[in-house]
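Peer 1: Okay, so Swiss-Prot annotates it like this:
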- 1-180: topological domain 'Cytoplasmic' (TOPO_DOM)
- 181-201: transmembrane segment (TRANSMEM)
- 204-224: transmembrane segment (TRANSMEM)
- 225-268: topological domain 'Cytoplasmic' (TOPO_DOM)
- 269-289: transmembrane segment (TRANSMEM)
- 362-382: transmembrane segment (TRANSMEM)
- 383-405: topological domain 'Cytoplasmic' (TOPO_DOM)
- 406-426: transmembrane segment (TRANSMEM)
- D461: active site, 4-aspartylphosphate intermediate (ACT_SITE)
- D762, D766: Mg(2+) binding site (BINDING)
- 823-843: transmembrane segment (TRANSMEM)
- 847-867: transmembrane segment (TRANSMEM)
- 928-948: transmembrane segment (TRANSMEM)
- 949-965: topological domain 'Cytoplasmic' (TOPO_DOM)
- 966-986: transmembrane segment (TRANSMEM)
- 999-1019: transmembrane segment (TRANSMEM)
- 1020-1033: topological domain 'Cytoplasmic' (TOPO_DOM)
Amino acid sequence: MHSGVNGCCPLRLPAAAAVHGRRIPPLLPPRGAWPGCIAAPALHRKPGRGGGGALSSCRRASHHEKLQVAALPSKATLEFEHGVSLRSAYIVPEDVQAAGFQIDADELASIVESRDTKKLTVHGQLNGIADKLGTSLTNGIVTDKDLLNQRQDIYGVNKFAETEIRSFWEFVWEALEDTTLIILSACAIFSLVVGITTEGWPQGAHDGVGIVASILLVVSVTGTSNYQQSLQFRDLDKEKRKILVQVTRNGLRQRVLIDDLLPGDAVHLAVGDQVPADGLFISGFSVLVDESSLTGESEPVFVNEDNPYLLSGTKVLDGSCKMLVTAVGMRTQWGKLMAVLTDGGDDETPLQTRLNGVANTIGKIGLFFAVLTFIVLSQGIIGQKYLDGLLLSWSGDDVLEILDHFAVAVTIVVVAVPEGLPLAVTLSLAFAMKKMMNDKALVRQLAACETMGSATVICSDKTGTLTTNRMTVVKACICGNTIQVNNPQTPNMSSNFPEVAVETLLESIFNNTSGEVVTNQDGKYQILGTPTETALLEFALLLDGDCKEKQLGSKIVKVEPFNSTKKRMSTILELPGGGYRAHCKGASEIVLAACDKFIDERGCIVPLDDKTSSKLNDIIKAFSSEALRTLCLAYREMEEGFSTQEQIPLQGYTCIGIVGIKDPVRPGVRQSVATCRSAGISVRMITGDNIDTAKAIARECGILTKDGIAIEGAEFREKSAEELHDLIPKMQVLARSSPLDKHTLVKHLRTAFNEVVAVTGDGTNDAPALREADIGLAMGIAGTEVAKESADVVILDDNFSTIVTVAKWGRSVYVNIQKFVQFQLTVNVVALLVNFTSACFTGDAPLTAVQLLWVNMIMDTLGALALATEPPNNNLMKKAPVGRKGKFITNVMWRNIVGQSLYQFAVMWYLQTQGKHLFGLEGYHADIVLNTIIFNTFVFCQVFNEISSREMEDINVLRGMAGNSIFLGVLTGTIFFQFILVQFLGDFANTTPLTQQQWLISILFGFLGMPIAAAIKLIAVEPHEKADTRRTP
């Protein structure tokens, strides 16, 4: 079509049935019409080649099959003979035939796995496979329950073999393999043998049985804790498999879980999808697949009728298609690969690695003091024997005494080595991951929990994250006439525009779309597609509610799907009357710039002059300033001789109209942004929308401030490194951005400004930025599978407020582990000092091996359980983030550790030296009573220090404690077992029952640690080492 320069050239109307027609021509050769003919490529050649064309070849093939005549009249017959011999070699198993199918699972899987074209030909190409699977390429499988069960029994389920669940006893055995516990076990056995030999049963067995019982208690608690964590992580792994896939079943398009896919399903794939099973290409356009995860080849592969093989686990980089599933689960190449890979769930997080270094250092210090303690304790008896000349004469009592000293030394190592550090990290991460799942965040990488707590910048998408992603067209400018959509005063909107413009607009919307209008089981229209496509299709139905009329006619022959680089989608239609028409839609400025004509208010095609162009740009700006997303729709009549092999033109279009789409800001986003700001986290908005829309939304969200800068991607890309260095600290909005712009910004923030960056992404092209960021956050609803695979955390509800919740939980994990480390180091220091100084000055250790093992369990397992599972509070988001270079053990922690250790050691030393006088203890029984009081006081010091450790800076440590059932349970359990240990298990724990007064004084000394801790917190220290002064807003 050509428009006149002067006057009105009327727009050619499309055929009535051509508006919505989306009939795609067959992309594979038709099946042979002659009985027994196989649709091999060789049978569809033009007449004159190979001795008489396809029909004669089919006839010869048929006669050959019936009469077994060994004649070779053509190449086609040769190929056919080979095919018949292959087919005759395949025998359908009886159980498969009985279930109503004509091909077994292994034969079917081998076709795609080996890309066996000959075998595919033998089975009748795509249509033959579909027939043998009892499915329809158009309508998919029938979902009758019995039929689905039969199909599942024959072909299997789409699940991979899971690693065998480790039993509880395996975790117990793993805990028993600890070197220090093995040494203690040997000591216990030796103690039992010597004790029973010298003192008889049961008196001689008390020490040994006590140590064994303590070891078993420690091992069982540790094993139970680790077993529970493994179950939690397995549940989280199952959540990762909850992927919805679009299929056609019973002729209806619907979503099913990836695990429910079966061979015979017709699956719809689009850009960013991960291929959910092995299968064959049915139809589609421009399908480009990344097979590197399977083949290692970095070059993407085109999938079409000539190369119809789609492999599970590969990713769709471009285009869209429909696929016939042929193999699922462990019969796919991906499933077989998964079977030979080891479970990677045991990788340590960065914080665990750092803490292992701390644990090793403390362990070496503990070993040094343990050796010294053993030497000091043993030198008395050994020295005396040397003086008496009895070095070679040892009684059972002498051996037991040395053994006791050795057990104390080994137990000091057990106490000193903080095995609880990695346990605390794992516990805290497991607890946080489970709670975050309830808060709509799926953690894919454990390290993300820690890192998110240090985040200083969040780079967020707009659509669906800051906004609701529930889009509707609220304004439209067609033929220069702007209307309010859904206005009660204009019920028949199409009457506002020329008929020819409405028909062209409908043709554009219904054909140039990745969405689809289908009829659901209730007979009502249902729209499937992205929120943008849904909004446009709803608008089209409002203009002309009868979609059925527009289902036939034009054929889609070429599609260029939308991507964030081109910011447009284009389609070529083959018209019923001949010729081709291109339709294009996308970012308003970009598509309008590609137009040189437009449809005026009379329905005429007129040149797009500067005045009209300026007017349309003003409309775009007006829509955008109202926070509306704008799309421009245009078309172009293709010249005679156009070939579908050519590229879709980028210029020469006729503007049909502009629509304004409302995507409301999510409730609570403004408050969440304010929370981030108070927490020292700056929020940047990165969007593909134009700058006016972006600024309006950013102001509404509270992201764009008076001093902030909003900039477009094109301008951002032109900046030099020096200019970016000055710009980025003030930049709060990046509009019309490409994925490369996002990647560049994230890289600069991390390297030049040393920020810890969290970035959101939903598209395939966002994968580089998600990997570049410290924390990649993918959208669970709008996000593609490629984006989710590249992310550390999946935001299941696509809500910005959930991102803030993840940041809060990340800080909680980090702070909880700091609390535990502070608590544990205090116990370590005091236990070492008490036993070492007592050994040096009195020749005895007041804390025995059994007692130290009990303290170790309080400190390691129970302490980790209590402090590492503290839920986050709002105060966490009122402090500055730790950042990339923040110290883990801060000055605040050292202040608390030193202050509390000095108090506890002073109490222990006072009781050691003045305890007998204080309690009036005399006689042979005085030592064991005093040692029991020291042990009891020491334990209660840890109980109350555990409460004080709930807050490292705040004095009010009781806030929220009543609501923390785990913490209260640990405290109650510790006190209960301490009472049992002291009052009733004295023979095993080297204790004796205490009086009420002695209990009260022990508890009082422990309680006094709380006001002492509060007073220590009043001592001002620098909370963190000074961070970078060059912070972004």
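Every residue gets a Cβ built from N, Cα and C, even glycine.
Predicted, not measured: the structure shown is a model, and the values here were computed from it.
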Peer 1: Top stretch among 269-289, 362-382, 928-948 for CB pairs under 8 A with the transmembrane segment (823-843)?
Peer 2: 362-382
Peer 1: State the count of C-beta atoms found within 10 angstroms of the C-beta of D461 (active site, 4-aspartylphosphate intermediate), not counting that atom itself.
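Peer 2: There are 26 of them.
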Peer 1: With an 8 Å cut-off on Cβ-Cβ distance and a minimum sequence separation of at least 6, pull the same-chain contacts of D766 (Mg(2+) binding site), or say none.
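Peer 2: Those within reach of D766 (Mg(2+) binding site), by Cβ under 8 Å and sequence separation of 6 or more, are S564, P739, K742, A778, A787, S790.
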Peer 1: Compute the C-alpha separation of D762 (Mg(2+) binding site) from D461 (active site, 4-aspartylphosphate intermediate), stating it in Å without decimals.
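Peer 2: Each residue's Cα considered, D762 (Mg(2+) binding site) and D461 (active site, 4-aspartylphosphate intermediate) end up 8 Å apart.
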Peer 1: Average pLDDT across the topological domain 'Cytoplasmic' (383-405)?
Peer 2: 72
Peer 1: Per DSSP, D762 (Mg(2+) binding site) is which: helix, strand or coil?
Peer 2: coil
Peer 1: How many neighbouring Cβ atoms, not counting its own, are there within 10 Å of the Cβ of D762 (Mg(2+) binding site)?
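Peer 2: Excluding its own Cβ, the number within 10 Å is 27.
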